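Novice: Copied straight from Swiss-Prot:
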- 1-60: topological domain 'Vesicular' (TOPO_DOM)
- Asn25: N-linked glycosylation site (CARBOHYD)
- Cys77: S-palmitoyl cysteine (LIPID)
- Cys78: S-palmitoyl cysteine (LIPID)
- Cys80: S-palmitoyl cysteine (LIPID)
- Cys82: S-palmitoyl cysteine (LIPID)
- 83-424: topological domain 'Cytoplasmic' (TOPO_DOM)
- Cys85: S-palmitoyl cysteine (LIPID)
- 117-142: region 'Disordered' (REGION)
- 124-136: compositional bias 'Acidic residues' (COMPBIAS)
- 138-384: region 'Phospholipid binding' (REGION)
- 275-408: domain 'C2 2' (DOMAIN)
- Asp306, Asp312, Asp366, Asp368: Ca(2+) 4 binding site (BINDING)
Amino acid sequence: MVSESHHEALAAPPATTVAAALPSNVTEPAAPGGGGGKEDAFSNLKKKFMNELNKIPLPPWALIAIAIVAVLLILTCCFCLCKKCLFKKKNKKKGKEKGGKNAINMKDVKDLGKTMKDQALKDDDAETGLTDGEEKEEPKEVEKLGKIQYSLDYDFQNNQLLVGIIQAAELPALDMGGTSDPYVKVFLLPDKKKKYETKVHRKTLNPVFNEQFTFKVPYSELGGKTLVMAVYDFDRFSKHDIIGEYKVAMNTVDFGHVTEEWRDLQSAEKEEQEKLGDICFSLRYVPTAGKLTVVILEAKNLKKMDVGGLSDPYVKIHLMQNGKRLKKKKTTIKKNTLNPYYNESFSFEVPFEQIQKVQIVVTVLDYDKIGKNDAIGKVFVGYNSTGAELRHWSDMLANPRRPIAQWHTLQPEEEVDAMLAVKK
């Protein structure tokens, strides 16, 4: 006992001495486990997670596989998003670069074009000496209308000008099929009284005519005239289109020999359709009797043909088939009027089987005591007719034994003759 107490007594002072020897600002090291709060929390979460994981009724390898798949899906989504963003940025950058180089605002284009045009005009004006009030004419491209070959000769013995229309070539195509139906009108200016025209050649751009026309003109008067050769495209359903024309001043031609030459067609001046007047007549057909009755009722606003500003009109009626005149009738002459009233009836025998093959041609003429009676205008109904004329003929056939009256606009004689010459 004594020895133990003595032992304790001996051991105590050194402990006190050690404690006193430590500096006052030194902290005593923490006991193990006292400063590991974070590690404990992580351990607890880990234990809970493992406990929850153990509760899932799946083997560990299955859970690992699911985790790997989930990670792969997440990585794939991230990759796609990144790629899409990069692609958009690339396109945007490319678009900006392209826009900066090529895409120009329309307003900028207009302004730039206007500025450049104004500057160019100023430069041109400065070079040519044009003022602001003057305009510089731009050179127009010459339109190719084809060419025509013709011949000219003069018969001094009979005082006749002989005009030959030989052929045309390289005409422009005016029809939808890539061709034209050309014919040529020939007349002398300034009177335009006597007009000729060639036959219509179907579906060709290089027609060969080989036709000759004669004008009775004294040589002393020939020098003041101009020959016009106008090439037209025939159209059954509308006005004929002019392709081009060529004019020859007679005072420039040497009639000491026959002239034959090719010349390029030139653009023709558009002339307004001359108003020739209107005529009213009725048609009546009786199929059982084979009788066709035409009643010429009246005409109005006829073209002035005489010097006094009037005319002496009368009407000719022709029954035609296949270009041949089968019968001819005519009205009385009405003196000094442009609005004659006739009310004259004419009958023709036409069998029922022939009624669809015939034509009634109505021509209004101006009577002249001295010279030839000039045609004012013309119209025809029946086979190969069109428009109002075809409608009138159809109405007559649809209403047998009943007279059908209708007004018709007179057409130039040469145009109607051209239509009559066309065979279907």
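Here the Cβ of each residue, glycine as well, is placed from N, Cα and C on the backbone.
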Novice: Under 8 Å between C-beta atoms and at least six apart in sequence, can you list the same-chain neighbours of Asp306 (Ca(2+) 4 binding site), or say none if there are none?
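Specialist: Listed in sequence order, they are Asp312, Asp366.
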Novice: Have a look at the binding-site residues (Asp312, Asp366, Asp368) and report the one with the fewest Cβ neighbours inside 10 Å.
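Specialist: It is Asp368 that, of the binding-site residues Asp312, Asp366, Asp368, has the fewest other Cβ atoms within 10 Å.
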Novice: List the residues in the vicinity of the Ca(2+) 4 site, defined as same-chain residues other than Asp306, Asp312, Asp366, Asp368 with C-beta within 8 angstroms of the site's C-beta centre.
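Specialist: Near the Ca(2+) 4 site, the remaining chain residues are Met305, Ser311, Pro313, Tyr367, Asn373, Asp374.
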Novice: Counting every protein chain present, what is the number of Cβ atoms, excluding its own, within 10 Å of the Cβ of Cys77 (S-palmitoyl cysteine)?
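Specialist: Other Cβ atoms found within 10 Å: 10.
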Novice: I'd like the number of other C-beta atoms within 10 A of the C-beta of Cys80 (S-palmitoyl cysteine), please.
Specialist: 10
Novice: With DSSP as the reference, give the number of residues of the domain 'C2 2' (275-408) in helix, strand and coil.
Specialist: 15 helix, 67 strand, 52 coil
Novice: What's the number of neighbouring CB atoms sitting within 10 A of the CB on Cys82 (S-palmitoyl cysteine)?
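Specialist: Here the count is 10.
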Novice: Please report the Cα separation of Asp368 (Ca(2+) 4 binding site) and Cys85 (S-palmitoyl cysteine) in Å, rounded to an integer.
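Specialist: Between the Cα atoms of Asp368 (Ca(2+) 4 binding site) and Cys85 (S-palmitoyl cysteine), the distance comes to 96 Å.
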